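Under the heading compositional bias 'Acidic residues', TrEMBL lists 295-306. Feature annotation from TrEMBL assigns compositional bias 'Basic and acidic residues' to 318-329. The domain 'TFIID subunit TAF5 NTD2' annotation in TrEMBL covers 120-248. Annotation comment: TrEMBL describes 61-90, 295-347 as region 'Disordered'. Marked as repeat 'WD' by TrEMBL: 377-418, 450-485, 492-523, 534-575, 576-609, 618-650.
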Amino acid sequence: DRQTLVAVLQFLRRSNLRESEEILRREARLLGDDLGGSVATVATSSPGVAAVAAVPPGKGEVRGDCGVGPSSRRKPREVRSPVSSPSSKITHSGDVIGGAVVVEDQPDVSAVLSAYNQQGDPTLYEEYYSGLKHFIECSLDCHRAELSQLFYPLFVHMYLELVYNQHESEAKSFFERFHGDQECYYQDDLRVLSSLTKKEHMKGNETMLDFRTSKFVLRISRDSYQLLKRHLQEKQNNQIWNIVQEHLYIDIFDGMPRSKQQIDAMVGSLAGEAKREANKAKVFFGLLKEPEFDVPLDDEDEEGENEEGKPKKKKPKKDNVGSKSKKQDPNAPPQNRIPLPELKDSDKLDKVMNMKEAARRVRLGPECLPSICFYTFLNAYQGLTAVDITDDSSMIVGGFADSTVRVWSVTPKKLRSVKTAADLSLIDKESDDVLERIMDEKTASELKILYGHSGPVYGTSFSPDRNYLLSCSEDGTVRLWSLQTFTCLVGYKGHNYPVWDTQFSPYGYYFVSGGHDRVARLWATDHYQPLRIFAGHLADVTCTRFHPNSNYIATGSADRTIRLWDVLNGNCVRIFTGHKGPIHSLAFSPNGRFLATGATDGRVLLWDIGHGLMVGELKGHTDTIYALRFSRDGEILASGSMDNTVRLWDAVKAFEDLETDDFTTATGHINLPENSQDLLLGTYMTKSTPVVHLHFTRRNLLLAAGAYSSQ
């Protein structure tokens, strides 16, 4: 199209790329004078004002793509076909060159920043902002809460625009005058922002780039939006209107405006709220059907185990927990949706043990709280950074800042390695106790230390069959260790930066890792390369968790959002916003329907996965929550924090009578109970030990772990 061509030519001329300009002009058969004349008309049209498009009703989005101003030459553009729905959007950042679109993977820094080219009188920015502030503060209560969401993104963009255009003193005075008005949970972001005082600072700053490339999402009712639009158009306040058009995504809904409490519960992430579209996809949150297998019957009574401590195989009783999942869950994914590993005989044996243990499980509830057994790591001068406990509670592993991984046996049974190859060749392979004979008694000890990482170990995870152990580290690798030989089998290299967390799938074979490079990766133990890369977070992926059916992965991030990813196709199917600080713990309920998340803001938030809604908020902790775990039947949620406490919450009560009608789902009018204290069943203090891990045994005894700190 001619205008685009003219603008590109003009850009080439400004950049002194005469040769390219000549070639392009010859291609397009444009003469010199012809270009000059057009340039004049292009240069005068002020960017952004060119297309202040009115919103077609029901579209629920404001967009004004400025056509041809110099500033819009290289900014990420959104291409949308006129008939497509808001969800089918292709965003690409690229140059239009001779009619061909060159798509760039990474937003080029200068391209991203160029949208901040001079757009108004710098001395009037304070006036614009305070004018809007006055208007919003004087509007009706019902609109004020919604429109107040605009303060923060507008403040940031106006400040960055001043800095980019080198009006340093105006930027400084603008920041000082208005930064105190922003919500308290943006303090950390504002601290980063206050250090950006020169155009050069903006070039390498990631936070800055995130803010520029991802549109800040605001959810506002149609009435409030019309009010804002009318005000800005009457005041001829193009400066603010341009920013709204250019950098914000306004998700408009029909109905009552939301209250201050409802908005406060949902906002606070780096890029505003999630678009409602983001949580519409169907999620199969049900559990997979347990495989049925026959167990040889024994005639003994319930005496249980023989003297060796080996399980007696026993047909589970009909009323047993094992028979619950015989019927296919209507919300479960198809059994073969993703390939899962076959069950080995040892796995079947373990399942039988599990069923027997479950028969003796304590039914927990407000009247019957679990006992808590706390494993304190004493003299952990190496700095404890991660803990995991096997499903059968027989081993505990610690990851340390001195780059070691230490495995302890928690039962009287010592840890033994397999004998050397020479010794193994002498063993009679037909004997009944061959599995015992291959172990080398000389190596028996309570503790094994695994060396291999070259930086602090931030995450550890046992495989469900207890044969393997994963650890991830600041050195950018994930290592797989054998618990038969206590040696490293594989080092998985994919992350270039520290890896903050890793976890095995509940079915083994697959595992997930998340790190400082803002992506989570799905791996299989027998592949060197990741199978899936989950990209979308705007900051470090700090924690990762598999859904009990292994078809989904939840990731928590320092961008203060939680995302749910589909393992099958790598799509993001849920985005949960509401935390006011980086997320550090995740736990799925045993039935797969709910997710609990904990963060540095000391709140535990509860989410309904099927409806994509926040359904609860548990307040009580005064510091970061590093551990969350549901009891085996999901009656109790335990949370452990840096405030040296373990708290128990009534999960049954928290999830009963949920209001998840269509209206709530459509608009996000969530109604959280004012007080979460009636859900708190107990608080248990340690002397001076922050809680970094929690685990319910198969009989519902709660195990907690942490390192004693002497401060």
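Glycine is no exception: its Cβ is also placed from the backbone N, Cα and C atoms.
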Mind checking which residues reach the repeat 'WD' (377-418)? Cβ under 8 Å, same chain, six or more beyond either end.
309, 350, 353-354, 424, 438-441, 443-462, 464, 466, 469, 471, 473, 475, 481, 483-486, 692-693, 695, 697-698, 701, 703, 705-708
Looking only at the repeat 'WD' (377-418), how are its residues distributed among DSSP helix, strand and coil?
0 helix, 20 strand, 22 coil
Take the repeat 'WD' (576-609) and count its residues per DSSP category (helix H/G/I, strand E/B, coil), listing them in that order.
0 helix, 20 strand, 14 coil
Summarise the model's confidence over the repeat 'WD' (492-523) as a mean pLDDT value.
94
Please list, for the domain 'TFIID subunit TAF5 NTD2' (120-248), how many residues fall into helix, strand and coil according to DSSP.
102 helix, 7 strand, 20 coil
